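Trainee: Would you mind keeping the following structure in view while I ask a few things?
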Amino acid sequence: MNRFKTSKFKNTTPRIAKKDEWISDVSAGSFSSQGNRIKASSKLVAFNTDQAGGGLVGLTSVTPGSNGQRTVAQISCHADLVTDMDFSPFDAGLLATCSADEMVKLWHLCDPEQEQPSSPEVILRPGQGRLELLHFHPTSSGLLAVGAARSPLIWDTSRQDAPLAALEQHGDQLHSLSWKQDGSLLASSSKDKMLRVFDPRAQLTPVQSAKSLQNNKDSRILWAKDDLLVTTGFDMMRGREVRLWDSRKLSSSVNSVSLSSSSGIVIPLFDEDTGLLLLSGMGDSGIDCFEVSSSEPFLSQVSHCLTDNSTRGVAMVPKTALDVMSCEVMRVLQLTNSCIVPISYQVPRKHSGQEFHEDLYPDTVGTTPAMSAEEWWQGGNQQVEKVSLHPDKRPKPAAKQTPGKKESDQPRGCSTSSSPLTTPSSSSSAAPSRSPSSTSGLSSGFVPSPSQSSKNIQSLLGTASKFRHIQGVVMHRDTHITNIRNLNLTTPGECDGFCVNSQRVAVPLAISGGQIAVFERSEPGRLPDTALPTIQNSVNVADMCWDPFDPHTLAVAGEDAKIRVWRVPKGGLKETITDPELIVQGHTEKIYSIKYHPLASGLLVSSSYDLTVRLWNLETGEQVRLLTGHQDQVFGMAWSPDGKLLATVCKDGKVRIYDPRKSTAPVQEGAGPEGHRGARVVWVCEGKYLLVSGFDSRSERGVYLFSAEALSSGPIASTFVNVSPSTLIPFYDPDTRVVILTGKGDTRVYVYELVPEDPYFIECSSFNSSEPHKGLVFLPKTECNVRDVEIAVGLMLTKTSIEPVAFRVPRVKKEFFQDDVYTDTAVWWEPALAASAWLSGSNGQHRKISLKPKDMTPVSEAPKEAPVRKYLPSSVYLEEKTDEQKKDELLSAMVAKLGNMDDPLPQESFEGVDEDEWDD
């Protein structure tokens, strides 16, 4: 820009959106990472959140929906902090994320209103520690620059085994990476104060480098127009500055501008079409706009925008999403603590909103890749074809992508078959999606065969389930127990965190002596600030559970390898209890978990660090069985519904079934989940199957279904849930075959219906809590309100409260008893036989009762309603009328409109004058 030549962008004005247009329901947090914390494609916006330790990514849309609002969703991406993310320039729904868990993942995202994929399309494992940066290549599909601790890596995502190149190690931490617009060079800045420019295809060492930065504090680098580079950082006096460099000579800067003093790094964003540079400081409440020129004055300030909130991150929306008819030349999204603020940069013009101003909008880079990653690596330099921003000349995006076709600018649905990473030369290398929301065959681990073609329509619509739209609802605050203090949040992974029965709740406290608080469910409300009476267990609590047949008896496993049985008096704790009713001892090391027998009273099973599982008769206080065969930690145990068999899942990767009355060794054994972080097991489908929740070899949480008769054959079906460090704890309702899963520290509760045939898992609507919960435990079926069609009621433990959550099935005729939902339920709170009888070989079963109230009629017996005709039959409208009938109808309508003509006129009621009054 010549200093005497007027720029068409010098009057560009920032306009902050109205508050009702801000994107709320955002919790950005303040994690330390090198990324910009928010990125946008032409359709979607992804941003960091403070949920789950930063492992979740928030997702919303660039434009609001038909109701003027935007949906905000969350995706569980990594087991640790998400440090950076980037959208593909060629696919608005393809997001790459990297994390402190040392992995890069590529996600195929849907619209925020839809269910998001639970597993990534591709996972890269560089194996170089924490990853900080990643950027898609600007001209080639499936090519990424990944920033490890000190080394940039170049990855072809279709070749997941190793990077194409590992560039020269930097002297200190890598701060920033940036591709040149033509894709030929990669620039970096580092804590060692060096600026480097790499040509990755020519050599692994930089083609240009210089120790140019004045301070080793955080810095950013960005390619501007032509061969110019922009850096932001700190000078020797720790003042913030922006500098312009010629990439061919990095020894000295072309120009520099000092910025306002603050400790937050300045994030640069550059628009190549306009030459405008935006600078936003982390923690600042202002955004500066400069125009970049290849000649003097190089950097010219255009505007300074003051915002209402401090910046946590900032992103630029692609040009194809701009409102060009309003002369909008840029739009940025400011991420704050609690919202995302759109800021539009517009050039004031006459007839704005009516005409397309072509001089403001040169053709811009399109969304079709110029070449594949392999073609680029072999030396290709093709450039992306440019497109016009004129509304009448824009290419119409394809509705659906097929392999071998050009990629569209639309975010794809979760169930599309195409890969986001393919081009004509690499379509065969894409990884298939394993999303539960894909076709039913894929979600259960089965590949559809040609014989399934008759089920195409069913697979598109999804397997029918009466529970698909189940709703989780937190009950009224009057039912909550609040002001819980000193809650123990560090219970072992094998423990559910707390336990409940129909009358009371037992919660471990973080107070010396292994104290346990017991709250009466009949007395909800705010707890007093004073000390409460507790159970003094004397040692830390490892696990605990209520006797299913006696709501006053609580068994507690301690870290001293002892099991103490406590008796809670009628009406609850009125004073602290220090003496248990019974102490049983036999394990030589700390106990993992304990479980009561489902049919026989007084039988308890326990697992321990001594690698044994022991069965206790609490009526005599004696050990009656010692089960062996485990080679490592026992993650979980479960009794079969008939009480004959015991299943265990172990850290040694095995699932075992025992018949304790016949043998101390397992009667069946099979391979379980590959991950070693934790697992749970439960019997399902009348005891014919085992459901195991655990982790795979990549630490992704999943659910596996085993046949109880053929355990050694491995899982017959599986579905992957998400990535999170906590073990999924399953609750299974045998009446509906619905399984509800969540982990301690999660915010989302997953619901599946299980069927004993393909697809086995039918995903239903999930429930999201407002904050991470510490546990979710369920009450007996009799606690469900059948008038509201509740199929399960649980208690959710938070940091300071216990909140009831009801899971309801939406129904229209709630005045009727929904007998298709409520089968007769087992009275499992009554024992079927004594411990001695079971040990001697006897078996029993629970009696069943109906949940139907006496004053309700089953919906199957509801009277059939006669169909109501909403419209007159077509014969009424098609009936031919005579001319006379038409004339009468027209006259009647005119008379009705004019009113009754027989009514007197207003002036007729006026009073006149006498004749003689007219004479003078």
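Just so it is clear, glycine is given a Cβ too, placed from its N, Cα and C backbone atoms.
Per TrEMBL, domain 'DUF1899' is recorded for 3-65, 460-525. The repeat 'WD' annotation in TrEMBL covers 75-109, 167-199, 584-626, 627-659. Annotated region 'Disordered' per TrEMBL: 385-457, 898-920, in sequence order. Residues or ranges marked as compositional bias 'Low complexity' by TrEMBL: 415-454. Annotation comment: TrEMBL describes 911-920 as compositional bias 'Acidic residues'.
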Trainee: Counting only residues 6+ away from its ends, which parts of the chain sit with a Cβ under 8 Å from the repeat 'WD' (584-626)?
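Mentor: The answer is 492, 494-495, 542-545, 547-550, 555, 557-563, 565, 632-639, 641-643, 646, 648, 658, 660-661, 664, 828, 831-839, 843-846.
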Trainee: Go ahead and report the DSSP secondary structure tallies for the repeat 'WD' (167-199): helix first, then strand, then coil.
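Mentor: With helix first, then strand, then coil, the repeat 'WD' (167-199) has 0 helix, 16 strand, 17 coil.
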Trainee: Take the domain 'DUF1899' (3-65) and count its residues per DSSP category (helix H/G/I, strand E/B, coil), listing them in that order.
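Mentor: Within the domain 'DUF1899' (3-65) the tally stands at 7 helix, 19 strand, 37 coil.
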Trainee: Over the span of the repeat 'WD' (167-199), how high is the average pLDDT in this prediction?
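Mentor: That stretch averages a pLDDT of 92.
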Trainee: In the repeat 'WD' (584-626), how many residues does DSSP put in helix, strand and coil?
Mentor: 0 helix, 26 strand, 17 coil
Trainee: Using DSSP, what is the helix/strand/coil residue split across the repeat 'WD' (75-109)?
Mentor: 0 helix, 23 strand, 12 coil
